[in-house]
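Shown next, in structure tokens, is the structure this report addresses.
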Amino acid sequence: MESFCRFKIWLLLVFLTIFQLGNGFYLPGSYPHKYGVGDFLNVKVNSLTSIETEMPFGYYSLPFCQPKEGVKDSAENLGELLMGDRIENSPYRFKMYTNETDIFLCKTKLLSGQEFKLLKERIDEMYQVNIILDNLPAIRYIKKDKYLLRSTGFPVGIKVQDAYYVFNHLKLTVLVHKYEETNVARVMGTGDAAEVIPTVGNSGTDAPGHMVVGFEVVPCNVQHNIDSVKNLNMYDKYPSQIKCDPTTVTRAIKENEPMAFTYEVSFVESDIKWPSRWDAYLKMEGSKVHWFSILNSLMVITFLAGIVLVIFLRTIRRDLAQYEELDKEAQAQMNEELSGWKLVVGDVFRAPSNPSLLCVMVGDGVQILGMAIVTILFAALGFMSPASRGTLITGMLFFYMILGIAAGYVATRLWRTMFCGDHKGWVSVSWRVACFFPGIAFLILTTLNFLLWGSHSTGAIPFSLFVVLILLWFCISVPLTLVGGYFGAKAPHIEYPVRTNQIPREIPPQKYPSWLLVLGAGTLPFGTLFIELFFIMSSIWMGGVYYVFGFLFIVMILLVVVCAEVSLVLTYMHLCVEDWKWWWKSFFASGSVAIYIFLYSINYLIFDLKSLSGPVSATLYLGYSLFMVLAIMLATGAVGFLSSFWFVHYLFSSVKLD
């Protein structure tokens, strides 16, 4: 009892530590910011990104203007660092509700040959500049034919014929919502005075002010007179009026010549309220097709799953009814005359080959599946919105570590069940569970990280973060997995309803290889998620924002149901042909969906990411896809195995046997 109390105190301290880390990495923007007229607004910059290379780079890796006080990193959480975000301060600043034009920012030094070459490379690779105001990314609207396209950020520059042009002037528009209410809940649109949401800002709480509800940018290339800005300081007035025309370019960059940067800002009152300010970013093109396709997929798969389930239940009940209506002599005669699942009663619970590996993979699969369901549920409830960068990855890591208890418990109890309650080896199994999937993930991510380090990308995980991840692994995840293994070793093992013969039964030759059927079984689970998979892949690799977590949660639950049903059917089919080696086949019957997802990833790389340039980018894509596919295989395989184990146990415990 004393040791258990100490464990609870230790777990509480770990939780409080993580909570404090979360506060330490707090990013402004999760709560309303109220600004008075004349309050300073500071723009921040994020990493440069490109859908052609998928390798982010720091904003100041290019010769842009730097702030007077020097470059400083903003508060970042663990998820942001893993995603490659590097949010830093910028020289762009202005006052709330104060329109300004022709603001001089800086004149760079003469472009060296290396800087000139780097700028051209970034323009050719279509890198985007990402600026942020009050946690809102800048959004750019582009008119094309009759359509109005929108995207976050703006290009570094553009190539026209053989000349390269950098966008050296920004026309910024800030949408603000004015309010004079002291009741913040009414401002937020909740109408409930008890639900007061705190505001932070430079003004007093009771003073009227403005909230930033939109941030738009129009990049331009203008002809700056370098001689006229020699004596200007940052934020001085540019000598002449600047006309921003995004359809024309006038000043190309040249080696051994400086660049000058300017900007202008205007404020526009908007009816958009603070809770709705992300709506412009979450409007996906073709959203009606997206919703219709998901709904259609859910209906079709539910219908097919219902048919399979009804046929399956009727078949099993008929077999059991016929078997139980016979007396003992007739049952013995039936066993001699008929073939089927009844003949493998003495071998069906024989331990599989590599039992330790199976226990480890099932335990890790339970951990990953639990992490995915809980994370998606929290995201669907709005706790992990796009406004809170990195919270999704941070939440996944947190839930994965906590669910190490479930992984250790399931793996150890399954191990003891296979060996009829023997405690021997449970510590070894728990250790393997704690190190199997994280070890493979660490190997893959380290290999990819070396590629990113070699490219000087901000997507590379810093060495200090590597140390933090290893400490989280061995100081939190491993101990919790061992605790789960301890409880699994203490829990009573699942007793088999039948005895296992000493001599294994010979499996009759099959017409078709059984593994061929197992590999083909993954097509049905793949059908439940391939439409949603397209939108997820597009949001990851095309720079979009994925937000329909409610649909994703439904698809996840449906996937679990279909994986269980597919594995049940295949296990029953194998038993009917007297194949009692069902353990691994039940795992890979549903886990084989990972093969089709990986093939789909290759298809997506070839046909949708045609512009992906260079072997490094392709290697990164395939490496991350392999990591994702491994996690999916373990999660779906665990579902299939556990459902099949329950089914086999229920089936043979329902038959009257001596």
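Residue numbers in this text run from 1 along the chain shown.
In case you wondered, yes, glycine gets a Cβ from its N, Cα and C as well.
What TrEMBL says about a protein is an automatic prediction, not a curated fact.
Annotated signal peptide per TrEMBL: 1-24, in sequence order.
Feature annotation from TrEMBL assigns transmembrane segment to 291-313 (among others).
Packing against the transmembrane segment (357-384) from elsewhere in the chain are residues 391-392, 395-396, 399-400, 403-404, 406-408, 410-412, 414-415, 418, 429, 432-433, 436-437, 549-550, 552-553, 556-557, 560, 583-584, 587, 631, 634-639, 641-642: each is 6 or more residues past its ends and has a CB under 8 Å from a CB in it. If you look up TrEMBL, you'll see 357-384 (among others) marked as transmembrane segment.
Under the heading transmembrane segment, TrEMBL lists 390-412 (among others). Counting only same-chain residues 6+ beyond the ends of the transmembrane segment (390-412), those with a CB under 8 A from a CB of the stretch are 18, 22, 27, 76-83, 85, 359-360, 362-364, 366-368, 370-372, 374-375, 378-379, 383-384, 426, 429-430, 432-434, 472, 476-478, 480-489, 491.
The feature transmembrane segment is assigned by TrEMBL to 433-453 (among others).
Sequence annotations record features per position, and here TrEMBL assigns transmembrane segment to 465-489 (among others).
Counting same-chain residues at least six beyond the ends of the transmembrane segment (515-541), those with a Cβ under 8 angstroms from any Cβ of the stretch are 51, 54, 284, 290, 293-294, 297-298, 300-301, 304, 548, 551-552, 555, 558-559, 562-563, 566-567, 570, 573, 585, 588-597, 600-601, 604, 608-609, 621, 636. Taken from TrEMBL, the feature transmembrane segment applies to 515-541 (among others).
Long-range contacts of the transmembrane segment (547-570) within the same chain: residues 282, 290-291, 294, 297-298, 301-302, 305, 308-309, 312, 369, 372-373, 376-377, 379-380, 384-386, 517-518, 521, 524-525, 528-529, 532, 535-536, 585-586, 589-590, 593, 636, 639-641, 643-644, 647, each at least 6 residues beyond the stretch ends and with a Cβ under 8 Å from a Cβ of the stretch. Taken from TrEMBL, the feature transmembrane segment covers 547-570 (among others).
Among the features that TrEMBL reports, transmembrane segment is placed at 582-606 (among others).
What TrEMBL records for 626-652 (among others) is transmembrane segment.
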